[in-house]
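Data first, discussion second: the structure below is written as structure tokens.
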Amino acid sequence: PPPNPEGTRQARKNRRRRWRRRQQQIRSISERILSTCLGRPAEPVHLQLPPLERLNLDCSKGTATGVGSTQIPGESCAVLGSGTKE
């Protein structure tokens, strides 16, 4: 979590600096793990997504249709609603 905003100005500045340094270390370690162990770059590969118009939910079948599965197993389509305001 981000640093606590309490304390003197100098204390907050030090906490932010330490927090940023810690986050940089985490990023550095994760990049190293991804590149050496998994053999892939740390940068995410751009994923081509289909247009939203092609995605739909078909509640009559009990499963989602379209590209990929968008329904949570065990969840009813009625929970999602029609998307229109009443």
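Numbering starts at 1 and runs along the chain as it is shown here.
Even glycines carry a Cβ here, placed using N, Cα and C.
Taken from Swiss-Prot as is:
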type     : residues : note
COMPBIAS : 10-24    : compositional bias 'Basic residues'
MOD_RES  : SER69    : phosphoserine
REGION   : 1-25     : region 'Disordered'
MOTIF    : 8-24     : motif 'Nuclear localization signal and RNA-binding (RRE)'
MOTIF    : 47-58    : motif 'Nuclear export signal and binding to XPO1'
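According to DSSP, the secondary structure content of the region 'Disordered' (1-25) in residues is 17 helix, 0 strand, 8 coil.
In terms of DSSP secondary structure, the motif 'Nuclear export signal and binding to XPO1' (47-58) contains 3 helix, 3 strand, 6 coil.
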